[in-house]
Amino acid sequence: MDRSLYHVLGAKQFDRAELDRLFAASKEMEGVVAAGGDKRLSGRIMTTLFFEASTRTRLSFESAMNRLGGSVIGTENAAQFSSAIKGETLEDTIRIITGYSDVIVMRHTEIGAAKRAAKVAGIPVINAGDGAGEHPTQALLDAYTIQKEFGRIDGLKIAMVGDLTYGRTVHSLSYILANYQDVMVYYIAPENVQIPSYVKQYMDEKGIRYQETNDLNAVAGSVDVVYQTRIQKERFPSVEEYEKAAGKYIIDAALMDRMRKEAIVLHPLPRAGEITEEVDADPRAAYFRQAHNGLYIRMALIAKCLNMAD
Amino acid sequence: MDRSLYHVLGAKQFDRAELDRLFAASKEMEGVVAAGGDKRLSGRIMTTLFFEASTRTRLSFESAMNRLGGSVIGTENAAQFSSAIKGETLEDTIRIITGYSDVIVMRHTEIGAAKRAAKVAGIPVINAGDGAGEHPTQALLDAYTIQKEFGRIDGLKIAMVGDLTYGRTVHSLSYILANYQDVMVYYIAPENVQIPSYVKQYMDEKGIRYQETNDLNAVAGSVDVVYQTRIQKERFPSVEEYEKAAGKYIIDAALMDRMRKEAIVLHPLPRAGEITEEVDADPRAAYFRQAHNGLYIRMALIAKCLNMAD
Amino acid sequence: MDRSLYHVLGAKQFDRAELDRLFAASKEMEGVVAAGGDKRLSGRIMTTLFFEASTRTRLSFESAMNRLGGSVIGTENAAQFSSAIKGETLEDTIRIITGYSDVIVMRHTEIGAAKRAAKVAGIPVINAGDGAGEHPTQALLDAYTIQKEFGRIDGLKIAMVGDLTYGRTVHSLSYILANYQDVMVYYIAPENVQIPSYVKQYMDEKGIRYQETNDLNAVAGSVDVVYQTRIQKERFPSVEEYEKAAGKYIIDAALMDRMRKEAIVLHPLPRAGEITEEVDADPRAAYFRQAHNGLYIRMALIAKCLNMAD
């Protein structure tokens with residue numbers, strides 16, 4: 001790996017000082033967008049290499065590159081169309097794209113794919129999700145949103161809800177939160193999809209308090225942030241068990257009534273029923289603001305990768 | 001719906017004054033393209049969101065945005081690749097894209113989808129086709145072509161030929177033509193795919209004369225415009241009935257001989273045999289000029305949406 | 001065909017003088033990229049029309065256009081998504097795209113498709129591969145790489161290895177090499193996939209020496225260039241025969257030991273085992289340098305098509 005390059009591979013690479021710098025840079029990017037963008041990346045090229053579809057994430061990165069004056073090449077369906085089907089290794093693909101662009105944003109189905117790419121790339125690599133592994137830019141925008149909404153992350157109580165085993169965003173977000181003081185995390189999930197032990201071990205090492213429970217109602221009234229995620233049907237032995245579980249984790253008007261007046265609801269989106277539409281009008285529903293924050297975080301990260309941060 | 005935004009949702013929203021302004025702006029765009037484009041939309045981003053493939057329409061919009069200096073993000077296969085397959089509503093998709101770009105061009109399989117999008121969008125929405133509903137920008141370029149070819153639309157006799165039930169372009173074009181004086185429309189189709197009653201009702205309300213017939217030959221000699229469309233096999237009870245019907249509506253050299261010397265042939269394209277290639281060399285074959293006019297109309301509409309019309 | 005346009009359709013259209021000019025222009029493009037690109041194609045639009053997937057080739061062209069300040073529209077899956085599935089002819093598609101852009105880069109599954117396109121296009125067409133036909137820009141970057149690595153092509157001994165019947169790049173490269181003095185070509189392949197007689201006939205006409213053999217080991221020690229390609233399983237009557245054949249044409253450390261110290265190994269890529277990874281670290285492994293050279297050649301060709309070469 002070329003250590004002189006700035007890659008974004010996993011949430012654990014960020015310490016508090018870097019998070020503070022990144023969030024300050026993201027805040028500046030809000031001003032850049034409000035002013036109609038700028039041209040600091042004019043002539044630079046980003047490749048989006050998505051082996052797994054993710055329209056939302058891809059468009060967010062492409063918008064970020066364009067807002068800074070750069071251009072984008074890429075494929076929205078690398079798995080089906082690229083030379084991967086001709087038997088080419090990921091490493092060969094990356095070596096070649098190194099010659100065509102200045103930064104690679106990639107999503108892959110396999111854990112560790114972004115790290116493998118970074119090892120042979122001659123340009124920075126940004127991990128936009130690697131299977132059940134990590135999704136660091138999502139976690140960064142999640143944390144940035146909390147910081148914006150409360151003015152701080154230190155001292156907050158944060159509940160993560162849903163499929164905590166396979167949902168990579170809650171893993172990455174846990175690693176980010178581990179940089180803050182006096183944070184309390186509630187992992188709220190059916191037992192079969194609770195937070196993995198390797199995440200808990202990391203939190204233990206960092207001295208972060210957390211509690212596992214399956215009871216959202218009991219916790220809802222005392223937290224600052226409810227971070228909702230999807231529960232996937234295929235994780236459960238039967239449809240009945242799934243429905244019993246899923247029904248306990250829906251955020252609706254009744255649950256909002258239990259929540260604190262200054263609390264917020266987040267969701268990495270897309271949602272599929274686990275936050276009802278009646279919640280959207282509540283000012284505590286912060287998930288669309290959260291989605292929009294992804295643009296600023298990604299602008300700041302791309303600029304940093306290309307040494308064009310202010 | 002944010003009423004301060006300029007959306008392009010259906011042909012009925014255009015009155016004569018707006019059509020005159022739009023066609024004048026499109027004429028100016030011809031000069032802009034001839035001069036190599038300009039940069040008035042530099043820094044602005046268009047999202048093309050195509051839930052149904054349409055390479056031609058998408059490329060036309062993307063070319064229009066690029067000719068004015070803007071950039072484009074998007075997906076050519078939203079239905080298969082986007083979070084739609086994870087159960088996300090169109091509304092959520094639109095809310096999120098609002099944060100990534102300045103204007104949305106969307107094609108969808110469902111009637112009314114563009115209107116639903118416009119209701120929640122924080123940026124302008126342009127309908128590039130919504131199922132069997134409308135395709136307003138096609139109708140606008142059709143009318144613009146007639147205006148260019150004849151110097152006027154008032155007083156013309158216009159025959160629409162083919163599948164008038166399911167062909168959305170003839171519906172949208174009828175609504176546009178309803179703004180002009182002394183127009184006569186011939187709806188020429190097999191009875192099972194004639195123009196719907198709701199279109200006729202609109203024409204009645206606007207006082208536009210029209211006639212339904214299944215005999216192209218009888219009408220061809222007296223009209224100024226023959227607007228040909230495809231007849232789709234699956235609309236007919238049997239292949240024999242389809243072939244009998246389709247064969248009666250082919251524009252070939254023989255039919256051109258019946259037409260007036262100053263008449264023109266239009267087609268929204270793609271064609272699949274309903275205009276034979278021998279017709280292409282006839283100066284009255286205006287369908288490729290028509291396709292190229294789509295660029296100017298779309299440049300004018302995008303500029304208007306982004307308040308950057310001259 | 002509009003003879004005033006500069007199309008890139010096949011390798012035979014290039015003579016020695018034009019190759020010299022092109023390679024000089026490509027060399028200049030290396031400087032342009034090192035300096036961060038330029039803006040000479042600002043406002044110009046390239047359409048990439050790929051009826052067959054080829055992420056590598058498409059991204060290379062799109063990068064080339066962007067490095068010169070131009071913009072790109074296109075489709076990565078023309079066969080599935082375009083109006084081709086509605087029965088539109090290639091000619092109609094090209095006529096329409098002529099109105100949207102300034103140059104077309106197309107890949108198609110049928111031999112001769114690029115020539116058919118050029119006949120009706122009002123803008124330059126670049127052939128990015130037409131079925132088992134030609135892939136001229138690949139051959140040009142191959143020859144450019146040889147020129148760069150040795151400072152000359154005249155007088156070199158060049159072995160082409162693999163599937164020489166269906167591999168279009170070796171055909172196009174043979175036609176390019178036919179412009180040089182005192183070149184010797186070795187065609188090394190199993191008998192069932194040897195070089196076609198029409199290629200040999202062309203070499204004969206041009207007075208180029210060549211030899212056919214199935215023994216890579218015998219030739220490896222005496223050549224300057226080993227141009228490796230893939231052998232495809234489906235060309236052989238049985239899996240055993242395929243494996244017997246394929247195994248004889250693998251470039252590994254042992255084969256590198258037989259090669260001359262100043263020789264190089266090329267491959268159009270992607271590879272799938274026919275060059276082992278242990279070879280990558282050998283300075284004579286020139287295939288990734290070769291892939292990167294594709295960018296400069298394509299920049300030079302696009303600039304030439306658009307009359308913006310220096």
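Yeah, the Cβs are placed from backbone N, Cα and C, and that goes for glycine too.
Features as listed in TrEMBL:
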- B:ARG56, B:THR57, B:ARG107, B:HIS135, B:GLN138, B:LEU269, B:PRO270: carbamoyl phosphate binding site (BINDING)
- B:LYS86, B:ARG168, B:ARG230: L-aspartate binding site (BINDING)
- B:7-147: domain 'Aspartate/ornithine carbamoyltransferase carbamoyl-P binding' (DOMAIN)
- B:154-303: domain 'Aspartate/ornithine carbamoyltransferase Asp/Orn-binding' (DOMAIN)
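This view paints the features noted in TrEMBL onto the structure.
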residue: B:ARG56; record: carbamoyl phosphate binding site; Cβ neighbours (10 Å): 22
residue: B:THR57; record: carbamoyl phosphate binding site; Cβ neighbours (10 Å): 23
residue: B:ARG107; record: carbamoyl phosphate binding site; Cβ neighbours (10 Å): 25
residue: B:HIS135; record: carbamoyl phosphate binding site; Cβ neighbours (10 Å): 27
residue: B:GLN138; record: carbamoyl phosphate binding site; Cβ neighbours (10 Å): 25
residue: B:ARG168; record: L-aspartate binding site; Cβ neighbours (10 Å): 21
residue: B:ARG230; record: L-aspartate binding site; Cβ neighbours (10 Å): 22
residue: B:LEU269; record: carbamoyl phosphate binding site; Cβ neighbours (10 Å): 24
residue: B:PRO270; record: carbamoyl phosphate binding site; Cβ neighbours (10 Å): 20
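Mapped onto three states, the DSSP output places B:ARG107 (carbamoyl phosphate binding site) in strand.
Here the binding-site residues are B:THR57, B:ARG107, B:GLN138, B:ARG168, and none sits under 8 angstroms from chain C, going by CB atoms. For the pair formed by B:ARG56 (carbamoyl phosphate binding site) and B:ARG230 (L-aspartate binding site), distance between Cα atoms is given as 16 Å, rounded to the nearest Å.
Residue counts for the domain 'Aspartate/ornithine carbamoyltransferase Asp/Orn-binding' (B:154-303) under DSSP, helix first, then strand, then coil, are 66 helix, 25 strand, 59 coil. Across the residues annotated as binding carbamoyl phosphate (B:ARG56, B:THR57, B:ARG107, B:HIS135, B:GLN138, B:LEU269, B:PRO270), the widest Cα-Cα separation comes to 17 Å. In the set B:THR57, B:ARG107, B:LEU269, none of the binding-site residues has a C-alpha within 10 Å of the C-alpha of B:ARG168 (L-aspartate binding site). A distance of 17 Å separates the Cα atom of B:THR57 (carbamoyl phosphate binding site) from that of B:ARG230 (L-aspartate binding site).
Mean per-residue pLDDT, taken over the domain 'Aspartate/ornithine carbamoyltransferase carbamoyl-P binding' (B:7-147), amounts to 93. A separation of roughly 15 Å, to the nearest angstrom, links the Cα atoms of B:GLN138 (carbamoyl phosphate binding site) and B:ARG230 (L-aspartate binding site).
Between the alpha carbons (Cα) of B:HIS135 (carbamoyl phosphate binding site) and B:ARG230 (L-aspartate binding site) lies a span of roughly 15 Å. With respect to their backbone Cα atoms, B:PRO270 (carbamoyl phosphate binding site) and B:ARG230 (L-aspartate binding site) stand 8 Å from each other. Residue counts for the domain 'Aspartate/ornithine carbamoyltransferase carbamoyl-P binding' (B:7-147) under DSSP, split into helix (H, G, I), strand (E, B) and coil, are 71 helix, 24 strand, 46 coil.
Cα to Cα, B:LEU269 (carbamoyl phosphate binding site) and B:ARG230 (L-aspartate binding site) are separated by 8 Å.
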